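Engineer: Below you'll find the structure I mean.
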Amino acid sequence: MNPNQKIMTIGSICMVIGMISLVLQIGNMISIWASHSIQKMNQHQTEPCNQSIITYENNTWVNQTYVNISNTNFLTEKVVASIALSGNSSLCPISGWAVYSKDNGIRIGSKGDVFVIREPFISCSHLECRTFFLTQGSLLNDKHSNGTVKDRSPYRTLMSCPVGEAPSPYNSRFESVAWSASACHDGTSWLTIGISGPDNGAVAVLKYNGIITDTIKSWRNSILRTQESECACVNGSCFTVMTDGPSNGQASYKIFKIEKGKVVKSVELNAPNYHYEECSCYPDAGEITCVCRDNWHGSNRPWVSFDQNLEYQIGYICSGVFGDNPRPNDGTGSCDPVLPNGAYGVKGFSFKYGDGVWIGRTKSTNSRSGFEMIWDPNGWTGTDSNFSLKQDIVAMTDWSGYSGSFVQHPEMSGLDCIRPCLWVEPIR
């Protein structure tokens with residue numbers, strides 16, 4: 001075969017290959033066109049379906065050929081029971097306290113991703129209990145954790161996670177931008193209250209089921225703040241206490257009644273010479289009792305109780321077993337502020353049982369260390385320092401911090417009474 005014949009043979013072979021390639025490309029285009037036509041026809045067809053369908057479509061270019069990938073996932077609907085938490089039962093009688101959970105966040109944070117937090121608290125619906133907390137917008141052992149000691153900064157947010165779990169970015173739910181907060185569940189949805197903004201113009205943002213439903217503007221323009229523990233719900237209405245004014249003098253205090261995330265009523269307390277901060281509130285027999293912090297001049301704790309119409313009573317726990325920190329040694333109490341060592345304070349709580357009271361307090365009189373529960377059978381109204389029960393919760397050698405109350409409703413516990421519970425913040 002001479003060179004010319006070789007060239008002609010090679011050319012013929014190339015031409016045949018090219019024609020075959022062209023036919024294949026035409027067939028590919030026809031196939032894609034037919035596929036799109038079938039998809040478009042199917043999109044106009046409607047069929048009844050009892051399941052939720054989510055279709056994800058990813059469009060990808062490969063070798064200049066349009067490929068359509070369609071994945072269909074079938075999701076069964078999760079029905080969440082809704083029930084009004086009545087709050088009409090009385091507190092369960094108790095003779096002691098048992099440990100419910102501990103998150104060990106500081107220890108886990110030495111290796112894991114754990115938020116820098118303060119002001120944690122617990123609140124329960126009829127289905128679950130969650131830990132709420134104020135982050136500093138940083139993780140433990142991270143460069144952004146330096147200097148996270150401010151109570152109020154634009155980086156602080158209210159978040160929540162299942163109770164007993166260390167608060168991390170992987171299990172936590174954003175609730176609100178906040179440096180002061182509260183949250184509670186009315187049996188239908190979570191209500192969250194997050195306060196943020198400048199000291200002279202802070203705003204409380206109310207969310208119900210994650211949606212902003214109302215706001216409360218600072219009325220004294222002096223660091224509006226709230227409970228740092230759960231609000232209290234009765235018959236579908238939730239109640240909270242807020243403070244606006246000096247932390248070392250007479251301030252203004254208001255009770256708010258909230259329904260489905262909207263303020264329906266508020267009352268300003270007529271409370272001269274009283275100081276209410278960071279109240280711990282709970283329902284009891286259809287009414288609300290709040291035990292608070294006096295940061296001005298009392299080493300015993302002030303209280304306010306009110307009904308669902310916001311008719312209220314005020315006072316101080318009379319017991320000579322003092323509940324604040326710093327505080328003097330136990331002695332003779334008063335139903336007015338006990339002045340020795342009365343300045344400053346720490347968030348705390350108590351549970352009232354008739355004339356008796358369970359008092360939670362630090363074991364130390366001058367530092368936030370240790371924690372104990374004391375039963376004073378006439379301490380709500382009596383001024384002596386006699387008590388009948390004492391139970392250690394945190395050893396004197398360990399740090400404590402804020403503490404507060406929360407409850408489990410009969411709709412959750414199955415009891416015929418409201419179970420009183422407490423939490424303690426281990427500051428490090």
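Cβ coordinates come from backbone N, Cα and C, glycine included.
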Engineer: Regarding the disulphide bond with CYS417, report which of CYS92, CYS124, CYS129 Swiss-Prot records as its partner.
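Structural biologist: Within the candidate set CYS92, CYS124, CYS129, Swiss-Prot assigns the bond with CYS417 to CYS92.
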Engineer: What does Swiss-Prot list, out of ASP244, ASP324, ASP330, as binding the same Ca(2+) as ASP294, GLY298?
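Structural biologist: My reading of Swiss-Prot gives ASP324 as the candidate in that site.
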Engineer: Choosing among CYS129, CYS231, which residue does Swiss-Prot name as bonded to CYS184 by a disulfide?
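Structural biologist: Cross-referencing Swiss-Prot, the cysteine bonded to CYS184 turns out to be CYS231.
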Engineer: For a quick check of understanding: given the listed substrate-binding residues ARG118, ARG152, GLU277, GLU278, ARG293, ARG368, what is the maximum Cα-Cα distance in angstrom, as an integer?
Structural biologist: 21
Engineer: Cβ atoms within 10 Å, counted per site: which of CYS124, CYS290, CYS335 has the most, among these disulfide-bonded residues?
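Structural biologist: For the disulfide-bonded residues CYS124, CYS290, CYS335, the Cβ with the most other Cβ atoms within 10 Å is CYS290.
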Engineer: For ASN386 (N-linked glycosylation site), what is the tally of other C-beta atoms lying within 10 angstroms of its C-beta?
Structural biologist: 13
Engineer: Near CYS238 (disulfide bond), which residues of its chain come within a Cβ-Cβ distance under 8 Å, counting only those 6 or more away in sequence?
Structural biologist: CYS184, ASP186, LEU191, CYS231, ALA232, LYS257, ILE258, GLU259
Engineer: Tell me the Cβ contacts of CYS233 (disulfide bond) under 8 Å, same chain only and six or more apart in sequence, or just say none.
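Structural biologist: Long-range Cβ contacts: LEU85, GLY87, CYS184, HIS185, ASP186, GLY187, LEU191, PHE239, PRO283.
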Engineer: Between ASN386 (N-linked glycosylation site) and GLY298 (Ca(2+) binding site), how far is it from one CA atom to the other, in Å?
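Structural biologist: ASN386 (N-linked glycosylation site) to GLY298 (Ca(2+) binding site), Cα-Cα distance: 20 Å.
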